[in-house]
Amino acid sequence: MNTGGRLIAGSHNRNEFVLINADESARIRSVEELSGQTCQICGDEIELSVDGESFVACNECAFPVCRPCYEYERREGNQSCPQCKTRYKRIKGSPRVEGDEEDDGIDDLDFEFDYSRSGLESETFSRRNSEFDLASAPPGSQIPLLTYGEEDVEISSDSHALIVSPSPGHIHRVHQPHFPDPAAHPRPMVPQKDLAVYGYGSVAWKDRMEEWKRKQNEKYQVVKHDGDSSLGDGDDADIPMMDEGRQPLSRKVPIKSSKINPYRMLIVLRLVILGLFFHYRILHPVNDAYALWLISVICEIWFAVSWVLDQFPKWYPIERETYLDRLSLRYEKEGKPSELAGVDVFVSTVDPMKEPPLITANTVLSILAVDYPVDRVACYVSDDGAAMLTFEALSETAEFARKWVPFCKKYTIEPRAPEWYFCHKMDYLKNKVHPAFVRERRAMKRDYEEFKVKINALVATAQKVPEEGWTMQDGTPWPGNNVRDHPGMIQVFLGNNGVRDVENNELPRLVYVSREKRPGFDHHKKAGAMNSLIRVSGVLSNAPYLLNVDCDHYINNSKALREAMCFMMDPQSGKKICYVQFPQRFDGIDKSDRYSNRNVVFFDINMKGLDGLQGPIYVGTGCVFRRQALYGFDAPKKKKTKRMTCNCWPKWCLFCCGLRKNRKSKTTDKKKKNREASKQIHALENIEEGTKGTNDAAKSPEAAQLKLEKKFGQSPVFVASAGMENGGLARNASPASLLREAIQVISCGYEDKTEWGKEIGWIYGSVTEDILTGFKMHSHGWRSVYCTPKIPAFKGSAPINLSDRLHQVLRWALGSVEIFLSRHCPIWYGYGGGLKWLERLSYINSVVYPWTSIPLLVYCSLPAICLLTGKFIVPEISNYASILFMALFGSIAVTGILEMQWGKVGIDDWWRNEQFWVIGGVSAHLFALFQGLLKVLAGVETNFTVTSKAADDGEFSELYIFKWTSLLIPPTTLLIINVIGVIVGISDAISNGYDSWGPLFGRLFFAFWVILHLYPFLKGLLGKQDRMPTIILVWSILLASILTLLWVRVNPFVAKGGPILEICGLDCL
């Protein structure tokens, strides 16, 4: 091999050799070798450099790239060579970009800003090596006009895309908008901008921009098939990306190392401190209060385990960014139908009296007006209460949508829920330039007020239900007069029936669904309603993606669906994503957020941590699903590339490693075959239990159809739609036949002997079906994504007061207890699947946390007991113990501060979350634990009422009202007991004196810790507006008094030995 006296270098990671020059004058390749080559990105010929030599972009591999592509890649791309991935260095005559070294080309600063002296005019303005002297050109001379790097002979001299100044000193150019008058004189808009930016597609004419992109796509296809084989196939991640349309639609943004590394180190340090703390606590018991010490140590160990389960899933938090412009470039091409995937939106409601129809109507209107192709959106409203009020309100909503939807899209209104748009105090004229906007906004506001009056009239009419029930306009009875016994109902209000808006544009589909209900059937509450919507939508529209929102969660960001599609439709990473979860944001909450309704710590810290693992858990609303994932299919397996071997190891070492690798691969293949065989056997057993000859049956089409029907149900239309990964319907299906099939799939007995609720759809078995559903999908190897756009995608209404908030938390905790006591418990379910171990820890924490209520209740009672008895849970504290306690409390505080820093959470939100953790733990979690045990073990059913979402006229009129509920008694009792203990402890110290104030300080600090966490109750006791109901106060004081007197009477922690006063009398003194 003739090396020409140069050094040869290579690597096992690159399939190439690099020739290193022996002296500075030598080049990697000569000018003769590179002359005449074409750019491997755009296909144009490579021009000469400033020095008159052939342009070489990469000094490592000399991959042929022209200067405009090189500068575009450095300015807009990843700034690296497409072949060897080496970062491009700045070449003489090219503009600087962020990341260039300070001394890089310092001798070229003049040429960087003055192109007239560098001889760069020809290659900047002409990609075909056409040379002309710009400085000497007369004002009236014909200058070749360029469109995105190519000459366009059809453009007249009066319609210049680039304006060149005749002065020899410098060159001006303009990013000119398209003027309708060709005689209009263009002028520079940004004279300081670098002229080179126009060499690679920065002219603002949209039609030419699209034409240029089309030509670039064609050139790219030629290069991809006929060019260098090292570029790989179309799915390879190493393919060079020429424009934004081929770049990823989203990217991960890890937390800065300056924030996350100290946080991780502190977690490890806190683990060490915890170990030393428990070592001290266990080896130093309190002899005169052994029971108190033992109980406290048990509680502390449980708290430590709970902290580990909560902490480690936050080890690798990340954030994400989306690129909506790239999504449009890739899937929305001008002159062609949109290629964005369809989305079926599910809205669920039950009781229109507690979930006002006006709130549901606003949610539906925000969905119909979403910024997405109308033929790709369908809204399905599930009315599980079969209320005629909901039906009529939805009919009025469909009529008003004909005016509201075109108004929103014409003026880009945000948010697109009219109630919140008109009530928000904001500058609605900002960025509005249309002269008719103010007039049309006033008219639209008047129309919406009339719409509200109609809805209010319907609500008032529905208050008085006729004895014989409601009837339709033609006199036929309303099918849903009996809520528990009625047929299935489907009504298509908008969509394919020809109803258009006032501007004659098509509207998204709007479908009313009320599934069949009969006595004796288990309808599985919300999970059953959602599964009915899956089947109905699969028959009528069959979009590949589903969005689930509650009736009070409207779309606050009209581009929310596009945000989700940036993840779902990403060709590189989208195939393995089962759902995109958005955070919950709320309206109608005061600034202090006294009851932690926003739940900021969970959504901005915990969920970001889970996103760095296998993805966030499903929280029940604001989630875009992949339909195939809900159907119980496994995630696509990623093919592992073979590892490269290195020649630097001895042969005997490679031989040993190869033997171990072969053994491991054989074992893995054997296990894989066994698993596949067991799956096939299990599938055949499910198809035909107790029969023989299953091998023959499995080969027949009838057996395959039987298997699908056993899984999805007895609907051939729906079974056929389930096999379409990209959605769509049969071409020969008529709307009438599809409607009949949709009625069938929402019948009561459709799910019998199928896998609905077990392996398909929303999973049954818990009132928190959201946790189970997400857990099932993660167990199948799918991953989820947490999307937090700058403008919140969805907003909803939070519980009005503390009582409703506690009932909401009670429902969540009861669902966790049900999952813990079921076969789907993450402690023992799903091993051998695709669930990662840190993700499993998060699911274990989500079902274990209600059990913390028992040690928390006991631990919050200990301060009062210590103050009443004069005992304490720790012995006399030494210097070592003092340092240990201070280190523990300090690590807890600093961990919280660092979490707030990288999670961007305020101190107020963090403290409210800590308060409500104690309040909910000693009230709702405790009740949920006992109700869950009764429900699972004894079969005692618990009925939950829907949380009221109606608001009064006052902004926060009911926010702090304490309504009667037994959930308020335990925390109030704890508060009173600790206040009594503080009073008794201080009084005893003043009366009798203390040898050491240290023990008293420790007990008082312990008691005040509990009182501060229960402060909202204390404010309810003392405040006027927030006063607690008298019955709760009476019961709490009575219970606290009984417990205090009983404790003083029993006094179990006082030694029983010693003199007895009745025997020795006064001589004992």
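Cβ atoms are placed via backbone N, Cα and C, with glycine included.
Note that the structure is predicted; figures quoted are calculated from it, not measured.
Note on Ser126, Ser229: Swiss-Prot annotates phosphoserine at Ser229; no matching annotation appears for the rest, which is not proof of its absence. Swiss-Prot records N-linked glycosylation site for one of Asn801, Asn943, namely Asn943.
Topologically, per Swiss-Prot, Asn879 is found on the other side of the membrane from Asp988. What Swiss-Prot records as phosphoserine, among Ser230, Ser665, is residue Ser230. The range from 39-85, 321-367, 603-649 that Swiss-Prot describes as zinc finger is residues 39-85. Annotated range for coiled coil in Swiss-Prot, selecting from 6-32, 438-464, 762-788, 978-1004: 438-464. Tertiary proximity for the transmembrane segment (266-286) is limited to same-chain residues at least six positions away from its ends with a CB under 8 Å from its CB atoms, namely 292-294, 297, 300-301, 304, 311-312, 315, 871-875, 880-881, 884-885, 887-888, 891-892, 894-895, 898. Counting every protein chain shown, the number of other Cβ atoms lying within 10 Å of the Cβ of Cys66 (Zn(2+) 1 binding site) is 26.
Helix, strand and coil residue tallies for the topological domain 'Extracellular' (875-879), in that order: 1 helix, 0 strand, 4 coil [DSSP]. Sequence-remote contacts of a segment are chain residues at least 6 beyond its ends whose Cβ falls under 8 Å from one of its Cβ atoms, and for the transmembrane segment (916-936) they are 595-596, 806-807, 809-814, 816-818, 820-822, 849-854, 856-857, 860, 942, 966-968, 970-971, 974, 1010, 1013-1014, 1016-1017. Here the binding-site residues are Cys39, Cys42, Cys58, Cys61, Cys69, and the one ringed by the most other CB atoms within 10 angstroms is Cys69. Cys42 (Zn(2+) 1 binding site) sits 58 Å from Asp384 (active site), taking the Cα positions as reference. Residue density at Asp384 (active site): 22 other Cβ atoms are found within 10 A of its Cβ, drawing on all protein chains shown. Tertiary proximity for the transmembrane segment (998-1018) is limited to same-chain residues at least six positions away from its ends with a CB under 8 Å from its CB atoms, namely 594-595, 802, 860, 862-864, 866-867, 872, 874, 876-877, 914-915, 917-919, 968, 971-972, 974-975, 978-979, 981-982, 985-986, 989, 1028. Of the chain residues outside the Zn(2+) 1 site list Cys39, Cys42, Cys66, Cys69, Thr38, Gln40, Ile41, Gly43, Asp44, Ile46, Val65, Arg67, Pro68, Tyr70 have their Cβ within 8 Å of the site's Cβ mean position.
In the three-state DSSP scheme, Asp770 (active site) falls into the helix class. Every protein chain shown contributes to the tally, and the Cβ of Asp770 (active site) ends up with 24 other Cβ atoms within 10 Å. The binding-site residues listed here are Cys81, Cys84; among them, Cys81 has the most other Cβ atoms within 10 Å of its own Cβ.
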